[in-house]
Amino acid sequence: MFGVAPAISLFGVLGNIFSIVVLARQGLRRCSNILLVSLAFCDITFLVSFNGVPKIIYEAVWNHEYVGYSLLETDILFVAFSAFMFLDYSFGLMGLTLPMLITVERLVVIFFPLNFRRIITPARTWAAVAGLALYWISIFLYSSFWQEIRYEFDTTKNVSIGIIRKSAFFEQHLDVVAAFEDLLIYTSMIIPPVFTVVGCVVISVKIKMTSLKRQKMTTKLKTGSRTTRTLLAVCAVYCVTAAVVSLPLYIPQYASYSLTDESPSNIGKIFYQLVNTVGCINSSSNFVVYVALNKNFRATYVEIFRCRKKQKK
């Protein structure tokens, strides 16, 4: 995790920054660009927070313990750890649900080509993205109260150790916590992937039927088709990621989604690393998809660098 994931994440952060620059240059009046910029922002936030120093200190350096720090230093590290985990989960899962909005946008474009600009507007697209962000931020703002830092004296080391444990708030609201965890799983790992897969199949079939009817397509249709292929590729990568990330649903004895699992098994730890690595690959791959499949994206990308070279000269 602490060698492979940061390397993948560094590439992903740079790639997503370039994606935002190129998509903004193309214009954010296009709803598809708004969704892709939002996805890139979520991916950047997830990759940075996932590899945050406070998280690495707690999970790797001291093996889920704070050893050798003063009480104030431990409190600061815990607050920083909680903040990075909040950003990690909220924007990470928002990035895993945005493909559902991308699928909706493409379904409207494919089935209502003459009216889609009136149905899906930039203002409505931004509102949908904001609503999704508010949902995930609310979920993990509540779950941030599930853990607290406790100090336990280690007689073998003769020092006090800071350990993150389930909070009293968690213990007092077990029914609500269970309901929230079920809601989290359904709205991140079940509904979005199923909807996206079905939507992509419907879109692909519709495109195939249309191409059979129109052997000679106009330039406009070809451009729209390129955009659709790019977005379908993004959704395809997402679906593979969702399949891996959803493994704990089918083998719960080996892995868990719980945010408060204090003693995972060795196999559970392996699955945790696998899921995290796949998540980093997913968040880092979209730039490659854009460059490989979207001619307009490549042209804009090259144009930006050419302009900078001319300015330097």
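Any Cβ shown, glycine's included, is placed from N, Cα and C.
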*If TrEMBL is the reference, give me the range from 71-92, 93-114 marked as transmembrane segment.*
93-114
_Let me spell it out: take the transmembrane segment (34-54), skip the flanking residues so only those 6+ beyond its ends count, and list any with a Cβ under 8 Å from a Cβ in it._
5-6, 9, 12-13, 16-17, 19-20, 23-24, 28, 77, 80-81, 83-85, 87-88, 91-92, 94-95, 98-99, 101-102, 105, 122, 125-126, 129, 231, 234, 276, 279-280, 283-284, 286, 290
*Summarise the model's confidence over the domain 'G-protein coupled receptors family 1 profile' (15-290) as a mean pLDDT value.*
82
